[in-house]
Amino acid sequence: MPSGLMLSLGAWGIRRQDAIWRDEAVTYDMAHRSLADLWHTLQHVDVVHGLYYALMHLWFRVYDVTLGGAFGEAVGLRLPSVAAMTVAAAGVALLGRRLVGRRAGLLAGCTFALIPVVQQYAQEGRSYAIVCALVVWASYLLVLTAARPRRRLWLGYTALMLAACLLHEFAVLALPAHGAAVVLARLPRRVLRAWLLASGTVLAGLAPLAVFSTRQSAQISWLMWPDPLQLLTFAVLAVLGLACARVRIRSRGPIGLRALGIPLLLLPTLLLLLLSHVEPAYVDRYVLYYVVRVRTARGRRAGAAAAAAGRAGPDPWPAAAVGGDGRAGAGGAAARQRPSAQPGQPGRRCHRGRARRTRGGRAR
C-alpha cells in the first residue's frame with residue numbers, strides 16, 4: 001500500500017505541462033550524449049553526478065525507443081525518481097515493521113509518501129530520490145544486521161551506501177548517523193568493528209571521486225550560508241523531533257527508534273552546516289534522506305495519545321503511528337516545511353516543450 005500510494009502521487013501531474021527546470025535540462029543533455037562525450041565532459045564539469053548521468057544515459061536508450069514517443073521527455077526524466085521514491089516508501093514501511101510492528105510500518109510508509117518535499121523530488125529528474133532510497137534501504141539492512149549479524153547483510157549495506165555516495169557525495173553524511181546509532185544502541189563491539197570496516201570501505205571507494213571533484217568546486221560557488229528561514233526550519237524540526245523522542249515507545253530489536261532516528265535527523269544537516277563554515281555547501285536536498293526521521297516527531301505523540309485511549313490487540317495502533325525508525329508522524333511539520341524551490345516557481349522553470357541542450361552542466 002505505501003508503494004502504491006507513492007507511485008500514484010508521483011505519477012499524478014508528472015508532466016507539469018512538459019516544463020522542466022535548469023538542472024533537469026542538464027540531466028537531459030548529459031544523458032543524451034555518447035558515453036565518450038559524457039566522459040570527456042565530466043573531466044571538466046559535474047563529475048559528482050557522473051554515475052547518475054551514465055545511468056540516465058542507459059535509461060533513455062530504452063525509454064526513447066519504447067515509451068518516449070507516447071509520454072514525452074519530461075516523463076522520461078522523472079520516472080526513475082518516481083520509481084526510487086516508491087522503493088523508498090517500501091523501505092520505510094519495512095523498517096517500521098521491523099522496529100515497531102506491522103501497522104507501524106504501514107502508516108510509516110504512507111505518511112512518508114505524503115511529505116511535500118518527498119513528492120517534490122519524486123518528480124524531479126535528478127539523483128536525490130535515488131540517493132534517498134539507497135540510504136533508507138541501507139538503514140534497513142543496518143537494523144537487520146544488528147539483530148542477526150551476517151556477512152552478506154554487511155556486504156549489502158556497504159554496497160548500498162557506496163552507491164548512494166557515488167551518486168551524490170553528501171550521502172556520506174549518513175554514515176556518522178548510522179555509526180551513532182550503533183554506539184547509542186550499545187551493540188557488541190564486533191558489530192561496531194563490522195560497521196567501521198563497512199564505512200572504511202565506502203570512504204575508500206568514494207575517495208577518488210571526492211579528490212577529483214575538488215577541482216570542480218567552482219561549480220558551487222553560487223552557494224551561500226543558509227538563510228535564516230532555512231536555519232529556523234531545521235531548528236523547529238530538530239526541537240520537535242527531540243521533544244517527541246521523549247515519548248516512550250517499545251522497540252523491537254537491538255537498535256531502537258531513538259538510537260537510529262535522532263542521529264539521522266540531526267547529524268547530516270549539522271555536519272553540512274559545519275562544512276558550510278569552510279565552504280558554503282548547504283542545500284537541503286543534499287541531505288534529503290533526513291526526512292526519513294522527520295516522520296517520527298508527531299507520530300510518537302500520536303502513538304502515545306492512542307496508547308492512552310486504549311490498548312486492544314497485540315499490535316495496537318499506537319505503535320502504528322510511529323513510522324519506520326520513528327518516521328511515521330510529523331506530517332504537520334513536514335507539510336509546513338518550505339522546500340528550497342517548488343516546481344513551477346520562478347527560477348525553476350526552464351522552458352516548455354522539447355528540452356533544449358545545455359552546455360557546461362553547472363548543476364548540483
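Glycine residues also receive a Cβ, built from the backbone N, Cα and C atoms like all the rest.
Taken from TrEMBL as is:
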type	residues	note
DOMAIN	56-212	domain 'Glycosyltransferase RgtA/B/C/D-like'
TRANSMEM	77-95	transmembrane segment
TRANSMEM	128-147	transmembrane segment
TRANSMEM	154-174	transmembrane segment
TRANSMEM	194-211	transmembrane segment
TRANSMEM	231-249	transmembrane segment
TRANSMEM	255-275	transmembrane segment
REGION	307-364	region 'Disordered'
COMPBIAS	307-322	compositional bias 'Low complexity'
COMPBIAS	323-332	compositional bias 'Gly residues'
COMPBIAS	333-347	compositional bias 'Low complexity'
COMPBIAS	348-364	compositional bias 'Basic residues'
What is the pLDDT of the domain 'Glycosyltransferase RgtA/B/C/D-like' (56-212) when averaged and given as a whole number? 94
Below 8 Å between Cβ atoms, which of the listed ranges 128-147, 154-174, 194-211, 255-275 makes the most pairs with the transmembrane segment (77-95)? 128-147
